[in-house]
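Take a look at the structure set out below.
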Amino acid sequence: MRRPAQRPTLFLSIVFWIFCHVSGTRGALPTSQKCDEALASPLPHTAFTSSSVFSSGYAPGYAKLNRRGGAGGWSPLDSDHYQWLQVDLGSRKQVSAIATQGRYSSSDWTTQYRLLYSDTGRNWKPYNQDGNIWAFSGNSNSESAVRHDLQQGVVARFLRLIPLAWSEEGRIGLRIEVYGCSYWADVINFDGQGVISYRFKVQKMKIIKDVIALRFKTSESEGVILHGEGQQGDYITLELRKAKLLLQINLGEHNQYGSILGHTSVTTGSLLDDNHWHSVMIERYRRNVNFTLNGHTQHFRTNGEFDHLDLDYELSFGGMPYSGKPVGGGKKNFKGCMESINYNGDNITDLARRKKLDTSSFRNLSFTCVEAHTFPVFFNTTSFLQLPGRANHDTASVSFQFRTWNPDGLLLFSNLDDGTLEVSLDDVPPNGQGSGLNDGQWHALRLVAKESFAMLTVDGDEMSAVRSTSPLSITTGGTYHLGGYFLQTPFPPSKRSFQGCMQAILVDDQPADLHAVEKGTVGAFENVSLDMCAIIDRCMPNHCEHGGRCKQTWDSFSCTCDGTGYSGATCYTSIFEPSCEAYKHLGRSSDTYWIDPDGSGPLGPFKVNCNMTGGLLWLEIDLPGCVFQVTAITTSAEHCEQQIAYSCRMSRLLNTPDGTPYTWWVGRGSEKHFYWGGSGPGIQKCACGIERNCTDPKYDCNCDADAKQWREDSGLLTYKEHLPVSQVAVGDTNRLGSEAKLTVGPLRCYGDNNYWNAASFTTPSSYLHFPTFQGETSADISFYFKTSAPYGVFLENLGNTDFIRLELKSPKVVSFSFDVGNGPVELTVHSATPLNDDQWHRVMAERNIKEAVLQLDQTHRTSHLAPAQGHTRLELFSQLYVGAAGGQRGFLGCIRALRMNGVTLDLEERAKVTPGVKPGCQGHCTSFGMYCRNGGKCVERYNGYLCDCTTTAFNGPFCTAGTMVKYNFMPEPVPGASKDSKALPQQLMQNEVNLTKEEVAFSFSTSSAPAILMYVSSKAQDYLAVVLRHNGSLQVRYNLGGLKEPFAIDVDQRNLANGQPHSINMSRHNRSIIIQVQTQHTHAYSETFSYLRF
């Protein structure tokens, strides 16, 4: 509430919040290639109308392409943004293209325009493309025709062109042609009561395949479009819910919770209560479903176990059957129009017209569409609508419906005689009336203010209405501004404008005459689009990838990527490396990491263990993710293996040599395998059968001997195309005395063929070609290169005018350029040092509908924002060329690990059959040899390199990790082994282990301290340790059972961590210890010790 001095004013604020959670889809509605007839030229002059006419010779009837009648085309009286040219096609037509010309032999033409369409000449809908109200480019002279094929064909009777810009030398001038073809469909009007019942030929239907198609339009946000159900709990329902389309399917589940576990619910679309036609198709085969709305398709798989949809009696269109079960939940029937209803080949609308279906629930069945009487008004940031009301009255009463995406805006403003009245949306936390009102839905608002009383009601909720608590004195000023107020006033509104739509406007309880406003006889308006609501849901389809959450305002959208594992403007780029190999070259050590094998592809990230301690880099997966994730790992790996072991007692395994196997395992692709670890595909043997050392030579597996003693068959499965093991079926355990223990180890792989997949380009004209790159709305490219040449094209792909190219433009500059129809865009990054240094460098490029990004070597990065309005689809048709196809600025050098949209291109395989290109790339040690530390030697490999640490005291992929050698004096008995097997360690203990003496000798060299040189442990708390202290001095420590604390012997105070070789000889027998270091110093000690117990 804001008040002038000594004068009351009423200020009511609606508090609300923003939310959006939808699923994204992709697709387009194609237009038939044969649908290309000229539709406007044959029409009579009377089919053309306009907002105004400059003079009789400029009448709209002369606005036909290539005609010279009259003054040679249409021109309006004034050249401003309120003009339009309209054509009535006579009946609904399918429109596929539009062409424009200027006025013949003049300086009058239109350079940019919008296209609106309608069935009735009312409630116009703007043509949308690439997520925006599309602005078509027009003409640059008066004679040449410019044609635009519609990306999404439309069906309409009326078309209206709105000039946005025109010739600077003249005025608006237009001649047009509309291309398309005839359209006809059976239409049924649903009154919210009637339901069409499609009865099956048999009482119960067990349906494995469904194809349902229809078109609908409505001004209601709720309503059941179709429904079918069965006595076993199966059902299918398509309904509008909050102006979105909700499909619910239940094929059943084989347990008592089938109705819950089998339920599948998918939502698509929004703003479907716009009273315009929308097309729907549902295609189901077993559990696989394609759900298409307006050309955008979602693919999903139903929950549950069953493939059939069991329905009883009928399928209902327009609502729930009267005999419906509680699944209906009191849902509203559909109110609006449907056409072209087809179910599994049957034309439902035609059957209803011919009275072949039950339509008895309709009070008055109509086969023409009854149009809703709405007159929407569309506001932007510079709009306002001024309406008259009663002046000098003690009551103000205004009501209307509005919809918006913005969190704030001015809905209503009026100057009172004694103050001001304002109703606004405020972007404040949702703790009061009006929360959630920027969800794009229609919301009803009613304001009544009079002496001592004011009440604001939203969506008819009287319980939450806002009422004034202080005395008021109201004297109306007689004028109301909706959607904006820009006049100078002593007490201006807190908000100046509103972006959104309004309809059903009542002032002083009387409907506003918007037709009179349009003619200029009542009220006033500025930059308002009348009889149209041009709201766009920028989150549908959802361009936020990988589960990113879309949020929007009226003009734009943003993606929240938290918790997805991806980053960027559209959550497209993975934040994880694709493999352990990549982590290794970032300097990481052994650990558990998230990896994303296909980067921006559909596979999600998952955890693996990267073991980098040995010469080979092993990747381990304890619990494999989905089969596609594991397949990506095994496909790119050089080698994979999985340990499998079967311990048995009277439990046969493969039933060798000739029997049917009792046990088998299931691998990739759900394929059964009848070989065991240590053997191979097609060989029904265990490892002992291959090595011919089974305990019973008559069998090829130890367990197949069916012995009463514990036996074991184990080994590695190494055929990676069959891995991982997903199931093991054990069969021979149901006999008395049969026992078995199954152990399946983790999947282990080493090598990354994708990371090292490389090709060498040896001539400037050499290149590799691949299929056309498919990256319409999202594209990412990454690769490594090394070269000594100063320039070269890495890759390019061309379209008619669109293209994409990555290039080394100069020794220090990498360029990423493309054109999606808005003109060429080029991003460049500049390196501080030359890039033609024959070292590997990494390039990453990404383009989406929000931005383009180019990154070099993790340090140099640049980005470019996409235009708010414009083309977004990259349309290419040529092959993808890696290298310069024309030989211009050809690339000389190596490219490896080329990945495009998550798919690694096999450069090596293509290079094998391409002249001038060689598979692989020599000289890895030139680039990576410096990573081999501590004297490690770099060994060149075909697909990478290896640090040889055998001559060093270090380990790990780069010879940087200390090594540890472990020796067990007393091996543990094998689990499940017979009692007789304990004789071996007992024998070792008696014959080989002497607890009263030890002899130790070794040499060492190191530059690190402190360090443990040797440690001998026991099952008790006793130990022996030889260590280097922090200062590099040598110390020997004993801990024996008879001592209260460990006994330490400082052998040499010099710093032995000097990188030089040193030798130690140590001998203890009973009570004497002799320690020799480098044979130069001898220290003898005679003390009383307990026995050292291992």
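Each Cβ is built from the backbone N, Cα and C atoms, and glycine gets one as well.
Bear in mind that TrEMBL entries carry predicted annotations, made automatically and left uncurated.
Taken from TrEMBL, the feature disulfide bond applies to Cys894-Cys921. The domain 'F5/8 type C' feature in TrEMBL is assigned to 31-181. The domain 'Laminin G' annotation in TrEMBL covers 187-369, 374-533, 757-921, 971-1094. Marked as domain 'EGF-like' by TrEMBL: 535-572, 922-960. Residues or ranges marked as domain 'Fibrinogen C-terminal' in TrEMBL: 571-621. Among the features that TrEMBL reports, signal peptide is placed at 1-27.
Remark: of the disulfide-bonded residues Cys894, Cys921, the most isolated position is Cys894 (fewest other Cβ atoms within 10 Å of its Cβ).
Sequence-distant neighbours of the domain 'EGF-like' (922-960) (same chain, 6+ residues past either end, Cβ-Cβ under 8 Å): 581, 584-585, 589-590, 612-615, 617, 638, 751, 753, 755-758, 760, 786, 838-840, 1004-1006. Note: the domain 'EGF-like' (922-960) comprises 8 helix, 12 strand, 19 coil (DSSP; helix = H, G, I, strand = E, B). A mean pLDDT of 94 is what the model gives for the domain 'F5/8 type C' (31-181). Within the domain 'EGF-like' (535-572), the DSSP-based counts of helix, strand and coil residues read 0 helix, 10 strand, 28 coil.
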